[in-house]
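Novice: What TrEMBL records for this protein is below:
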- 265-296: coiled coil (COILED)
- 10-129: domain 'Response regulatory' (DOMAIN)
- 222-274: domain 'PAC' (DOMAIN)
- 312-537: domain 'Histidine kinase' (DOMAIN)
- 559-598: domain 'Response regulatory' (DOMAIN)
- D59: 4-aspartylphosphate (MOD_RES)
Amino acid sequence: MSIPGLLSERAIILAPRGRDSQIAMRILDEAGYLATVAHDLFELVKELSSGAGLAIIADEALRNSDIKPLLDLISRQPAWSDLPIVLMTHHGGPDHNPSARMGNLLGNVTFLERPFHPATLVSLVVTAVRGRRRQYEARARMEDLHESEGRLQNALKAGRLGSWLLEAEYLKLTCSDITKSHYGRNEQDTFNYDDWLAAVYFEDQPRMQSALQRSLDTGVDLIIEYRNVWPDGSLSWVDVRARAICGKNGLVSSLAGVTSDITERKQAESQLRRLNETLEQQVEERTSQLRHKEDILRQSQKMEAVGQLTGGIAHDFNNMLTGIIGSLELIRRRLARGSIEDLNSLIDLGVTSANRAAALTHRLLAFSRRQSLDSKPVEMNHLVNAMDELLQRSVNESIHLQLRMASDLWTAEADPNQLESALLNLVLNARDAMPDGGTLVVETFNQQLDRSFTNAHENLLPGDYVVLSVSDNGCGMPETVISRAFDPFFTTKPIGQGTGLGLSMIYGFSKQSHGHVSIKSEVGRGTTVQLFLPRFKGLADEAEQSFQSNAVYAENGETVLIVEDDPHVLLGCQQALALEDIASEGVSSAEDALKRIG
């Protein structure tokens, strides 16, 4: 932006005869205005070219002189400039002074008749300078506008954005060269409104014309993407956006907008869609393959579990079945010989083996959660004390067993039989971890679990729990063993010495009881297993209740209907009832039973 300098408001005086130039210069100097005296037209033009606020010219300086340089200077003024000229005459304006008629050629002329009063000259100069300042302000605004337009054009070029203007009344389209290039036109090609509409791809024409008409009618912004056809027949995509300009009447007078070529973006989007479709298909195929492999893995894990089961408990079951079969075979031989002495010992041996097999089956069912628990109020201290003698016999003399019972222990809610089995299992594990002896501690205490603890364990609720803890100072377990301690059939003992179901059963028991079990162990320091069981919320006297079963006898010839799908078990039940003189019938399914009693 140009800033007016000291010369921009000075007065250039041309009065070659007399003292008019000196008088005018003195008057302006006293009024505070800068003035310069030119001695001829050539010098006047030179000074005006350097900058001036106005020119004060005596009419005699224009007579019989070549004023073409002055007229050329005036005609070459920029649009913002209209140089003020004060023409001093002796006989008034052009009606009385032929020389003054030349003022029509000079443009912005004010006449000053001589002799003049100093105040008149100063007034004319003040008015001229004020007008000249407004011209300089207009120049500054035009320069700002030009710079702003230049920045806008540079930004449009940098973004490859074309600009356009559509006059609503005559549908006259004016557009930039970049806009033309978006429609396949060169800079010298004409591109009017009809050409613009004709370039739209036929499938997109209704949508484009509808959006354009809506903007012209309502003034809403025009935002649309569509295809256009280039003169060579190729297709391209353009993004067209415009904003309405309204006149004083509130109606849309024009639309000013921009265009951008989005062909590459649309092609990339199309490729991305195709890739996504392909990717979805690949993901689906990959997922199907993973599912198939997971099925194979599950099957292999099942087979591994079967193998572990076979290796872990088949030996135990074989021993139990040997005891049962052997006892029965010996009884049969003795009966065949007529010897019935000492049959009770053989019967006891068979029953004991059968009970051991039943107990192992019970543990398997408890682990797999197929056998429901008989949860009831349990006084854990009483249960532990009642098992004291059994626990003492289960460990050798080199192990010191300590019981630490909390005096204010809450009542727990659990299956007492499963709890006894769990305690015995933990004590036996602790015993095996101390082959050279040590200390084994069985402890009970109350524990409140907050949400920060229970949130880390699935299906565990915050609240009150009764804890049974079994600790030893034996060999301990490494992390690799701790991480698998609850896995079914996992054991570090040789085949035949452990089934790998002990801790698994305890884990299943804790989950069925809505409790928790944890292991803390260090190699060479020992192991602590803690079983958390929920606190009983009922009345205290419920824990002391005991129940007696009253046998029901068939006194009026009733018949018992037995439903059992195993024929051997069914036969055994019927024979047992026959020993009590109770009639019975057997069916193999519930459907047959319903038909029988229907």
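Including glycine, each Cβ sits where the backbone N, Cα and C put it.
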Novice: Please compute the mean pLDDT of the model over the coiled coil (265-296).
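Specialist: Mean pLDDT for the coiled coil (265-296): 84.
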Novice: By the DSSP assignment reduced to helix, strand and coil, which category contains D59 (4-aspartylphosphate)?
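Specialist: For D59 (4-aspartylphosphate) - judged by DSSP and reduced to three states - the answer is helix.
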Novice: Counting every protein chain present, what is the number of Cβ atoms, excluding its own, within 10 Å of the Cβ of the residue listed as '4-aspartylphosphate'?
Specialist: 21
Novice: DSSP helix, strand and coil counts for the domain 'Response regulatory' (10-129)?
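Specialist: Counts, helix then strand then coil: 53 helix, 23 strand, 44 coil.
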Novice: With DSSP as the yardstick, break the domain 'Response regulatory' (559-598) down into helix, strand and coil residue counts.
Specialist: 21 helix, 10 strand, 9 coil
